[in-house]
Structure formats: structure tokens, C-alpha cells
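Here TrEMBL flags A:67-194 as domain 'TFIID subunit TAF5 NTD2'. Residues or ranges marked as region 'Disordered' in TrEMBL: A:609-644. The annotation repeat 'WD' is assigned in TrEMBL to A:398-439, A:440-472, A:482-523, A:524-565, A:574-608.
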Amino acid sequence: MASQPGNGTPTSAAPTAGSPQQLNQIVMEYLSKKGYSRTEAMLRVESAHTDADGRPIITRPEDYPEVKYERAYQHLRRWIDNSLDIYKPDLKRLEYPVFIYFYLYMIQNGHLGAAKTFWKNHIAEHEAVHAYDLQELSRLSHPSHVEENHLAKLYIENKYRVKMPNTTRNLLLHFLEETAEEGGQTMLDILNQRFELTSLPGRASLFDRAAEGQEGEGIQGHPFGRADLADNAPPVKLGVLPMDKDMVKEVEEELRDEDSRLRELTRSDELGIAAASSLADEFQKIKREESEDSPMRESIPLPPYTVADIHEEVKRVKEYREMMKIGGGPSTALPSVCMYTFHNTNDGLHCIDFSQDAELTAGGFAESYVRVWSLKGTPLVSIISSENQPTAPKSRRLIGHSGPVYGVSFSPDRKYLLSCSEDKSTRLWSMDTYTALVVYKGHDAPLWDVAFGPFGHYFATASHDHTARLWSSDHIYPLRIFAGHLSDVEKVTWHPNSAYLFTGSTDKTARMWDINTGNSVRLFSGHTAPVTTIAASPDGKYFATAGEDSLINIWDIAAGKRLKTMRGHGKTSIYSLSFSQEGNVLVSGGADMTVRCWDVLHGTGAQTADVPEPISGAVPGLSGPSEPTAKVDGAGSTSKRKGKDVVATPDQLAVWYTKKSPVYKVQFTRKNVVLAGSAFLPSQPTV
Amino acid sequence: MSLWNSDTIKDVSESVGIISLNDDVAKNLAMDVEYRVHQVLQEALKFMRHSKRTVLSTTDISHALRVLNVEPLYGYDSLRPLRYGEASVGPAQPIYYVEDEEVDFEKLINAPLPKVPREVTFTAHWLAIEGVQPAIPQNPTQAEAARLSEGTPKGSNATSSVAATVGNNDGTAIKPLVKHVVSKELQLYYERVCSAIMDEGNDTLRSAALSSLRHDPGLHQLLPYFLQFVAEKVTQGLRDMFVLQQMMDLTHALLENETLFVEPYVAVIVPSILTCLIGKRLGDPTTFDHYTLRDYAASLIGLLCKRFGESSHTLRPRLTRACLKHFLDPSKPLGTHYGAITGLASIGGREAVRVLILPNLKLYERMIRPELEEDTPKKRDAQMVVEAIFTALKQLEDDDNVHVKHENGNGMADEQQREALARKIGDIATDRVWRSGRRGLVKAILDAKAGGPRVAE
């Protein structure tokens with residue numbers, strides 16, 4: 001720090017032996033005694049600028065903190081605004097960190113009034129992009145808070161990295177040195193202490209570096225700084241998990257039997273209609289075979305397959321044959337959405353899950369219980385006969401938690417259900433007996449989400465304690481703890497090959513974890529608000545995140561790069577995302593009481609790049625009046641919240657409104673039908 | 001500097017026995033309190049978000065306190081919203097406090113158990129079939145959807161006002177008002193007026209209320225509420241002639257009030273009036289006073305069309321279509337036919353009678369003849385319908401009156417004329433017209449033959 005505040009009252013008490021004032025006197029006496037008059041005179045001149053405590057006396061008004069930082073910041077801004085256009089984008093990026101550091105300095109040194117004024121004067125300039133950080137930092141109101149607040153600590157303990165071309169950098173430093181008197185010195189100090197300026201080769205250009213230039217900028221590990229992973233992202237194997245060789249054989253046999261039985265049927269009926277294609281052929285299409293991109297089967301130990309697994313696989317093949325094809329592009333066939341509206345919930349329903357075969361649904365409630373319904377309205381028969389007395393009910397309540405239930409998840413074979421709750425535990429329930437089987441304890445804070453792995457057996461939880469954990473259903477302790485997020489882990493989901501896990505967090509990022517090593521292998525940062533929901537595409541190549549900022553981002557997993565941002569969901573939370581089986585259509589549901597359908601590949605330059613026509617109007621009578629005016633938003637450009645009204649990006653294929661029912665869950669079945677769950681919340685009359 | 005007042009800190013410290021608190025200490029404490037409150041809020045918001053709610057509740061706060069390892073605050077439940085009381089300690093210095101009512105244990109224990117809440121259930125419907133949203137009751141209509149897309153919804157629990165649920169008949173949706181604040185006085189007025197109008201025994205009070213509605217300025221805020229009241233009462237009180245009459249009176253009064261801007265609400269008014277016009281069974285079916293109600297409704301509809309027909313191009317055609325449909329539907333009771341005919345006449349005037357009623361009369365006669373000839377209770381109804389037709393036909397005459405005078409002498413003989421008339425509008429109507437002895441009318445009807453698009457017979 002260049003200056004110390006002059007607010008400490010100088011102690012007028014008699015100087016003690018060690019005080020610098022006294023020391024000076026002793027030295028001067030000594031010098032005059034010895035006759036070093038010129039040296040003595042020099043010392044007198046030099047020591048005149050320090051006060052009794054040896055601190056420099058502030059002689060100029062501009063050194064007072066109230067003025068100093070404001071002046072320096074204004075100085076910098078004025079210069080940037082007047083500089084050439086080609087330098088502006090790079091220099092502009094300095095303003096935010098300088099602003100934050102000045103503010104933190106002032107707080108740290110107790111100039112609270114000055115800090116607040118400074119903050120108030122300039123916050124509007126940064127709100128658009130950094131609103132979330134600013135909101136948190138604005139709460140600091142005492143020097144001790146800086147030590148305590150994790151975000152402030154991040155800024156203080158790390159250097160802020162900025163990349164800029166050499167010419168620009170030299171220009172800046174030159175300017176600051178020249179104008180050291182007018183505030184440049186303050187700027188230089190802060191640049192030296194807090195910044196890590198990296199030179200980029202080449203000259204500045206008008207091309208906005210915002211997108212790729214920002215990579216590796218900011219605070220390490222904090223969103224807006226993501227170089228720690230993006231630069232040297234480890235390779236990931238995104239191929240499908242190969243099936244067990246023996247199992248493939250048995251499934252094929254089973255399918256051949258099924259085929260011949262079907263042929264038998266058609267012949268005896270004399271219908272003459274051959275089955276569209278034999279099941280065995282279909283199986284060839286979706287058989288999960290080892291490819292060079294596949295994770296090793298041995299690396300994910302799964303229990304040996306059973307007869308049930310083979311039946312499950314046969315069912316899957318049949319469903320694949322009946323699947324509705326959903327194409328991308330403008331002439332797309334859009335999915336059908338079956339909406340399940342829950343009534344009388346009184347806002348107590350927190351989460352919904354549907355089983356993969358669309359037989360069961362489960363809801364977690366504020367009143368600490370989970371309720372299971374059969375979607376077809378058939379009674380839920382327990383294998384314990386006494387449980388079915390007097391009649392088997394159509395819905396069952398699973399009681400065991402001692403706090404609100406925030407997440408439920410069916411196992412792929414829907415024999416089990418997991419639920420996680422505020423009481424820090426996860427519970428496993430049997431869907432044969434409708435009773436609790438296991439309690440998994442390990443987390444230290446409320447759990448926000450739970451997800452069964454794509455092959456069952458394993459599951460993952462997300463918690464308020466900033467970690468996600470991997471469990472196997474036969475162990476009551478976690479197998480892996482994924483730590484790295486800086487705030488709550490909101491949502492967890494699996495990569496379809498079961499080798500990776502995705503998490504979305506309140507720290508505005510999403511991460512991809514290797515379940516074998518437990519390391520974070522990808523960091524997806526770009527949201528400006530907490531990530532509320534995530535989804536991975538069935539082909540394992542794309543990843544979608546949605547945040548409190550009501551944006552949906554599509555990411556390329558292998559490259560770890562954002563492909564595009566999709567906008568349309570008002571300004572409310574998005575609760576759920578789901579990819580179609582082909583992976584080209586994304587469906588989202590949110591608090592704005594709509595289900596929206598998005599073209600994943602539109603505008604990403606992949607495959608459908610030759611049909612860039614706006615599609616929102618393609619669905620007659622569905623698009624609201626505002627949509628045909630959809631504003632084209634270049635792929636990959638940073639989307640700031642401009643303007644007041646939200647205009648949907650042209651990749652929105654359709655929007656379907658519900659009646660006063662926020663949509664909690666959307667889920668594609670294997671037949672490509674969307675199941676959506678919502679709770680009807682009638683509003684209270686006002687008079 | 002901080003939002004939290006250091007005086008509050010001093011008050012609290014005094015309450016725990018620390019009499020003189022240093023100013024600096026209080027200031028620092030105030031700042032810290034502010035920070036802690038923010039911290040609690042930040043955690044509470046997470047709980048709110050995961051509960052998929054858009055309104056923070058007391059349970060969120062207590063969960064947040066638990067997570068922060070702070071003893072929770074007891075005594076607040078989220079079953080009902082917190083009620084705040086207001087007290088003032090000086091000019092413009094209100095103090096807010098949570099009302100803390102005393103609970104009598106004896107009463108609480110002996111009170112009957114509250115009703116068991118209804119079980120959570122679900123219903124399924126198609127939100128979209130291959131991308132197209134089917135028009136079924138479970139899905140919002142296009143107009144609703146358009147409205148939803150316009151304003152960004154504030155979330156599930158945002159209070160929506162009645163004004164937000166009405167659409168302009170031009171299709172341009174009204175922006176949902178986020179919050180419709182109605183002053184206490186107006187609310188009181190609304191309640192008083194409603195109860196006065198529904199008071200069967202007190203004629204003077206009722207008429208006073210109606211006249212107030214007719215003339216008082218400044219009721220605009222209440223307009224949607226009154227219209228909703230009308231709609232509710234009409235749908236609930238179809239059998240109660242008094243209620244229906246009163247509702248029509250109320251509607252009329254609102255339409256008469258010059259200070260009210262009724263236009264955006266026409267779409268809401270119309271259904272109630274139409275119900276009273278062409279409803280199947282209104283009031284007690286054995287009496288005949290529902291015909292007066294229908295007449296009243298018809299004139300109201302006529303008034304609406306006159307006032308708003310110009311600005312809204314679709315209003316008149318839509319109303320005409322509704323009436324015509326009911327007129328031509330033989331399965332509807334005669335009362336409905338009566339309403340439809342009078343309605344048509346008053347909506348469309350001469351033109352409607354000429355183009356829509358006249359060509360269909362002969363066909364209609366086939367339906368009504370059996371009722372007239374047999375001596376059933378329906379005979380009176382049928383006669384009423386004939387009267388309605390006659391009244392409608394009379395409209396044709398008015399303008400032509402002048403010519404009739406001097407055309408009277410020449411032309412066809414009476415018998416011929418009568419035959420022609422019968423051919424045109426059927427025997428029953430001819431009878432009635434002939435009986436009235438209005439030659440001018442006969443002439444007018446016969447002349448009306450030429451031109452005019454004919455409705456398919």
C-alpha cells in the first residue's frame with residue numbers, strides 16, 4: 001500500500017526508546033556531535049515528511065482514500081474512452097477488476113464510506129456482465145467481512161489474469177507512468193500487486209476478443225477464469241460403454257425367438273404384413289459395441305447381468321423400433337408432450353421423476369415424504385401381501401425422511417427409487433415392496449439432487465456442502481467425493497456411458513468428472529447466474545446447461561467449448577432439460593409455465609449449417625406474437641442481458657403454454673415422447 | 001451508510017441490559033447485522049429455489065439458519081402468510097411488527113380437527129401432439145397463450161388480478177397488471193354495492209346502488225371486479241330470475257356510466273348477456289317472465305353493438321353468428337329461439353331481419369307448426385316466438401312507410417298479396433302479419449325479397 005490513512009490519532013505520549021521519532025533525535029544528536037552537519041541537514045529534510053509514528057504525512061488532498069481511488073479509476077476510464085477503437089475492447093476488460101480491487105482495498109482499510117460511494121458511482125458500468133459477483137460483494141460492510149467472504153478472498157488471494165496484445169499493454173504502462181501524478185501511480189501499484197498481465201502475440205485488432213480472449217482470464221478457478229482446465233483439458237472417452245459379450249449373444253438369441261414368434265403370428269393371421277424389420281436387425285443398430293472412443297468396461301465394474309437385464313434389453317430394442325423419429329432442421333417433426341399436472345400440492349411438491357418405461361412417477365414433498373403413482377392408474381401391488389390390504393392403492397407414500405425431499409430418481413429398471421433430502425441422507429426404496437431399503441449418509445449438508453447411473457447400481461448425489469459424491473447402492477459410504485465447486489452443487493447427471501458425471505453449481509459453472517479418478521476433467525463456465533439444471537445428450541457428445549439467468553447453453557463436451565446460447569424462457573428459472581433420443585432436439589420446462597423445444601444443432605455449424613432459416617414461425621398458430629421477430633444471435637457470442645423484454649433466439653422450435661402450472665420436469669422416453677410434470681397453482685383472488 | 005440503523009442495535013442492547021453502548025460499536029454491529037442478514041437470505045434463497053417456489057417462505061429461513069448453524073426462530077409457520085401490523089411512533093415513522101396472537105390452549109385442544117386436505121393427484125393431457133398444441137380445455141387458449149408470452153411471468157405465485165384475465169376483443173391483450181391495488185374505500189364500496197344489489201327485500205337501497213353505479217365517477221378500478229361478479233352470479237344463478245335481472249341491471253348501469261371506459265372489457269360482458277338472451281332454461285320454466293329478461297338482454301346487446309360495433313369489427317358478426325346458430329338449431333328450446341330472434345333483430349336491425357330471419361322463416365315454420373296446433377304447454381312458448389318474429393318483421397316496415405301510402409291503391413289484389421306472402425314467409429307468420437292489418441308491412445316484406453344474400457335453406 002502506498003499510503004496509510006491519517007485517521008489514527010498520533011500518540012502524544014512521551015516517545016519511548018524504540019519509537020522512530022526518538023531514534024531520529026538520537027541520530028541527529030549524534031551527527032551534530034560528530035560535526036556531520038550536511039548529513040544532519042539531509043536527515044532533517046527527509047524525516048520531516050513522516051509523522052510521529054514514522055508514517056508518511058499526507059500532504060496532498062488527493063492522497064486521501066476518498067479521493068485517491070475515485071480519481072485513479074476516473075483517470076483510467078477517461079483514457080480508455082478516449083483511446084482508439086482498436087484498443088478499447090482489451091482495455092475495457094481492465095475496468096472491472098480495477099473497480100473490484102479498489103473497492104476491496106477501501107473496505108479492507110476501513111474506508112467504508114468511501115467504498116460505498118465509489119461502489120454506487122460505478123456499479124452500473126459492470127452490472128450487465130458481473131451482476132452476480134457484484135451482488136455478493138456489495139454485502140461487504142466491514143473489514144472483517146473481506147477475510148470471511150469466500151468471493152472477496154478469492155480476489156484478494158489470487159492474481160487477476162488479463163491477456164492483451166503487446167502493443168496495447170505497452171501503451172497502457174506508458175500512459176500510467178507518464179501520468180503517475182494524476183492517479184497513474186495508484187493504477188500502477190495495483191497492476192503490479194494484483195494483476196498478471198500476459199502478452200498476446202500480434203497487434204490489437206477490431207475483432208472482438210470477448211469470446212476466445214477471455215479464456216484464461218480472471219481469477220483462477222473462478223468463473224470468468226477457466227484456463228486451469230480449458231488449456232490442457234485431458235482427453236475424454238465419450239463412446240458408449242460396450243455391452244457384455246455374453247449378454248449380447250443371449251439378447252440376440254432372445255430377439256431371434258421373438259422374431260420367429262412374430263412371424264408365426266403374422267402368418268397365422270394371414271395378414272401378409274411382414275414386420276417392418278426384424279428385432280434382431282434393430283438390435284444391430286443400437287448394439288453398444290466397443291469403439292476406440294469407449295471407456296474400458298473393466299473400469300466401471302457392474303454386477304453380472306441377469307435374466308431381467310436381458311428382458312430389459314429386449315424391451316429397449318422393441319421400444320427403439322416404435323420410436324418416433326424427431327428430425328432437426330426446419331422441416332422437423334416435433335415431439336409430442338404428455339403433461340402430467342399435479343393438483344392439490346399447495347406448493348409442497350419439490351421434484352418429480354418418471355421411470356424410463358413411463359410406468360411410474362414419483363414426487364418429493366416438503367412434508368418429508370415421497371409419493372409414488374402409477375402413470376396408468378393401475379394399483380401398485382406390493383409383493384408383501386399384507387401390504388395390499390384391503391386393496392392395493394393407486395399411489396403409495398414412502399415415509400422415512402425427516403426433511404423436505406429435494407430429489408428423486410428411478411433406477412433404469414425401475415425396481416428402485418432414490419430420494420434425497422434436507423436431512424442430509426439419501427434413501428433407497430424398493431418398488432416391489434414400497435418400503436425403505438437403505439439409508440446412505442455421508443454428506444454434511446442438505447442434498448439437492450440425486451441421480452441413478454444409466455446402468456443402475458451406481459448413483460450420484462449433489463449437496464449444499466459444495467461436493468458431489470458417487471455411491472454404489474451396495475455400499476453405505478461414498479466411493480468418490482468430487483470436490484472442486486466453489487459453492488453448492490445444484491444438480492447432478494450422468495454421461496450416458498456411465499464413465500463420467502456432470503454437475504451444475506451455484507458458482508455459475510458446470511463440471512465434468514471422471515468417476516474413475518475422481519478428477520474434474522472439464523469446466524463449463526459461461527453462465528452469469530447459478531446453474532440450475534443440466535442434461536447430457538444420449539450420444540454423449542453434447543451437454544446442455546440452464547441457469548438462473550434463463551439461458552440455455554449447449555456445449556461440445558470433447559472440446560469443452562460453448563457452442564451456443566439459447567434464450568427464450570422469460571426471466572425465470574428453468575427447472576428441467578431433456579435431449580431427444582437422437583440428440584438433436586432439446587426440451588426445457590421452467591417456472592414461466594411453458595415447455596419449450598429447441599433445435600440443438602441450429603447455428604452451431606454442425607450438420608444443419610446449410611439451413612439457417614428461422615424456424616420459430618414454422619409451427620403455425622403456436623408461436624406467440626413476439627417470436628417471429630426473433631433476433632438472430634450469433635453463435636457463441638456472449639449474451640448479455642440487454643433490454644427489458646426477452647426475445648427468443650431463432651433456434652426455438654416451439655413453445656407450449658400450460659395453465660398456471662410451472663413445469664418441474666421434462667423427460668424424453670425411449671420412444672421419444674416427452675413426459676412433463678407440473679404442479680397446478682391456482683392464484684388467489686385479490687378482492 | 002448501512003441499511004441497518006444503529007439505533008436498532010442500541011434498542012436491542014438496552015433490552016438485554018447494556019445501557020450505554022458506544023456509538024462506534026453500535027455502528028460496527030449494525031454493519032455486521034446487515035451482512036449476516038444477507039448471508040441468511042442467500043442461503044434461504046437456495047432453499048426456495050430447490051423447492052421450486054418463487055416466493056420466500058418462513059421455512060426457507062429456518063432451513064437456512066439450520067445450515068448456518070444458528071438456532072432457528074421458533075413460532076413462525078408457513079401455513080398462512082405472515083400478518084404484519086403497523087404502528088406509528090411519530091409522523092411518517094411507521095413501525096412494522098408481526099402480529100402475535102394469543103392462543104387459548106383450552107380452545108385449541110377442544111377445537112375440532114381441521115379438514116383433511118385433499119389428496120395430491122395428477123391428471124394427464126397432451127400438451128402437444130407432434131408439436132401442435134391441441135385445443136382442449138386443459139391447454140390455454142391462443143389468446144391466453146399470447147398474453148402469457150407478452151409479459152414475462154413473474155412466477156407461479158405472483159398474484160394475478162382479474163384485470164389480467166380479461167382480454168380485449170380486438171385480440172390485443174391487455175398487459176397483465178402485476179399488482180392491482182384497490183384502496184380500502186373502494187373495496188368497501190364494492191362489497192356494499194354487491195350486497196345491496198343482491199338484497200331482494202330492499203328496493204330503495206338497490207336502486208340507490210344502481211344509480212350510484214350509473215353516475216359516480218372514479219369506479220374504473222372496480223370495473224373488472226364488477227364484471228367478474230356479474231359473470232359469476234350469472235353462471236351460478238341460472239335458475240334464479242331475480243339474480244339474473246339484477247345482473248342485467250348492474251351491467252346496464254355500468255354501460256351507462258360515462259366515466260367508465262368499458263371498451264376493453266366488452267369480451268367479458270358479452271357472455272353473461274348472451275346467457276341471459278339465449279340460455280336454455282332461465283329462471284322458473286313454468287312462468288313466462290324469462291321472456292322479459294330475454295327482451296332486456298336483447299336490448300343490452302343492441303346497446304353494446306351500437307356503442308362498440310364501430311371500434312371492434314368482429315363484435316357484430318360474432319354476436320350475429322351466435323344468435324343465428326341458436327335460431328336455426330331445432331334441438332334448442334323455444335325460449336332460446338325467442339331470444340335468438342329478438343337478439344338478431346336488435347343486433348343487426350333491418351338488415352339482419354331481411355337477410356337472416358326472413359329467408360329462414362318458411363323453414364322455421366315447419367318446426368313450430370306442431371307446437372302451435374297441439375294444445376301442449378309449449379303452445380304459449382310457440383306463440384311468444386311468433387310474436388317475436390312479428391316484432392322483428394315490423395322493423396322492415398318503418399322506413400318504407402312513406403312509400404306505402406301512395407302505392408296502396410295499385411298493385412295486386414289482397415288475396416294475391418296474401419298468397420305471395422305465405423309463399424315467402426309461411427302461413428303462420430303470414431297469419432300474424434295479416435291480422436295486424438298493416439299493409440305497409442306486407443309490402444315491405446314482399447319487397448325485401450329482392451336482393452340480399454340468402455342463407456341456404
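Using N, Cα and C of the backbone, Cβ positions are placed for all residues, glycine too.
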(message) Which residues of the chain, 6 or more past the ends of the repeat 'WD' (A:398-439), have a CB below 8 A from one of its CBs?
(response) 308-309, 312, 350-357, 359-360, 362-372, 380, 382-384, 387, 445-452, 454-456, 459, 461-463, 471, 473, 476
(request) Summarise the repeat 'WD' (A:398-439) by DSSP state, stating how many residues are helix, strand and coil. (result) 0 helix, 24 strand, 18 coil
(message) Could you tell me the mean pLDDT the prediction assigns to the repeat 'WD' (A:524-565)?
(response) 89
(message) Summarise the repeat 'WD' (A:440-472) as counts of helix, strand and coil residues per DSSP.
(response) 0 helix, 20 strand, 13 coil
(request) On the DSSP side of things, how many residues of the domain 'TFIID subunit TAF5 NTD2' (A:67-194) fall into helix, strand and coil, could you say? (result) 103 helix, 6 strand, 19 coil
(request) Report the DSSP secondary-structure composition of the repeat 'WD' (A:574-608) as helix, strand and coil residue counts. (result) 1 helix, 18 strand, 16 coil
